[in-house]
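Enquirer: The structure follows.
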Amino acid sequence: MESRVLLRATATVNGVPQLRRPIRAINRQFSTASSSFTALAKPIGSIGQGGNLISGRQLRPVLLLDSSPEKREILKPVRAAAAEGGDSAGETKVGFLGKYPWLVTGFFFFMWYFLNVIFNILNKKIYNYFPYPYFVSVIHLFVGVVYCLVSWSVGLPKRAPINSDILKVLIPVAVCHAIGHVTSNVSFAAVAVSFTHTIKALEPFFNASASQFLLGQPIPITLWLSLAPVVLGVAMASLTELSFNWLGFISAMISNISFTYRSIFSKKAMTDMDSTNVYAYISIIALFVCLPPAIIVEGPQLLKHGFNDAIAKVGMTKFISDLFWVGMFYHLYNQLATNTLERVAPLTHAVGNVLKRVFVIGFSIVIFGNKISTQTGIGTGIAIAGVALYSVIKAKIEEEKRQGKTA
């Protein structure tokens, strides 16, 4: 009943719009109609009492503010409903994960580390009996693309539309991603996993160099000084690495350069698209980039004896299963890395990324029993420590810049 009263059309008395009222209220108004112009000439009530200031006049709907008993009876249900709504809003239950968000963040970190370690171990095991990094790189991307297409088909997530303008800015990013991915795998196949990750610790050095000399962005001296132990550590580890060869070393260096340019193009390719869709489109484009080199470089060998040798060593089922799971782990750990970055501060993510590399190096040495010299171990430790120092300093500088912009 109260909603019908509140929503009735307005009536006009002496040219002044008023809310329609019950019959008794209307009779009272007509009995005082002779003073209506006087009432309009001066404010009725105060703003603090609920009046509305419109065009210099203060209007107060009588139905809502009249203190007569019948009006209060009409408003009782409305007030009760409002009170109930306030109570229910105040008593909104927060789930267990909502009370302890650090558990969710910790789970993201754990899965990021776990998937990355499993990927590196399984990837290296595949190369031990199937040394074709170009083809395996294509499989990594192909499985990820299939995963994205299936996810889009069920609406998790909903596919973001793409046009020629977005495609033009994503292609350079995808090309650099493809080159960096393939060269990383060439290095993984040629040398120990631990050595490849030690060389890839130089990536911050290439990022800083590109920012300084290509983008013209000045790099603070503190950042350059923090990179000195990284360069020194990698040099020490390389000189005495037992699995060292130039193919693995140069491929890892090219990977660093490619990922540096990927970062540069990514900054220019900022879109409104969410990170999951962006990574899906980049994976699709990168797949088409990696496919021709794989066919040209390794196609004839694969058809001649590559597939047959692998199947003879481990069997058809294990061979296909290994390729499928290594592709899934590759896609999922990259997606988890992005999701983790969205949940934590840049400094936390930077430190986590360094610790991830330590985990990968440590587990690869244990799992594969790689023998390393004392100098290689010390050099690797110095390089990782330098990367940690660089990450902390850089994250603090970026945080200070953000605070300066918001101040």
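The backbone N, Cα and C atoms fix where each Cβ goes, glycine too.
Remember, it's a predicted structure, so these values are computed and weren't measured experimentally.
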Enquirer: Out of 178-195, 376-393, let me know the one TrEMBL marks transmembrane segment.
Expert: 376-393
Enquirer: Do the transmembrane segment (354-370) and the transmembrane segment (316-333) come together with 3 or more C-beta pairs under 8 Å, pairs six or more apart in sequence?
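Expert: By the criterion, they do not touch.
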Enquirer: Cβ under 8 Å, sequence separation of at least 6 from the ends of the transmembrane segment (221-240): give me the contacting residues as numbers and ranges.
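Expert: Distal contacts: 195, 198-199, 201-202, 204-205, 208, 249, 373, 375-376, 378-387, 389-390, 393-394, 397.
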Enquirer: State, in range form, which of 246-265, 277-296, 316-333, 376-393 has the highest count of Cβ pairs under 8 Å to the transmembrane segment (102-122).
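Expert: Answer, by Cβ pair count: 316-333.
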Enquirer: For the transmembrane segment (246-265), could you work out the same-chain residues 6 or more beyond its ends whose Cβ comes under 8 Å from its Cβ atoms?
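Expert: 169, 172-173, 176-177, 179-181, 183-184, 186-187, 190-191, 195-196, 199-200, 202-203, 206-207, 209-210, 214-215, 238.
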Enquirer: Excluding the flanking five residues on each side, which residues at least 6 beyond the ends of the transmembrane segment (277-296) place their CB within less than 8 Å of a CB in that stretch?
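Expert: The answer is 134-135, 137-138, 141-142, 144-145, 148, 151-152, 157, 159-160, 162, 166, 170-171, 173-175, 177-179, 181-182, 271, 331, 334-335, 338.
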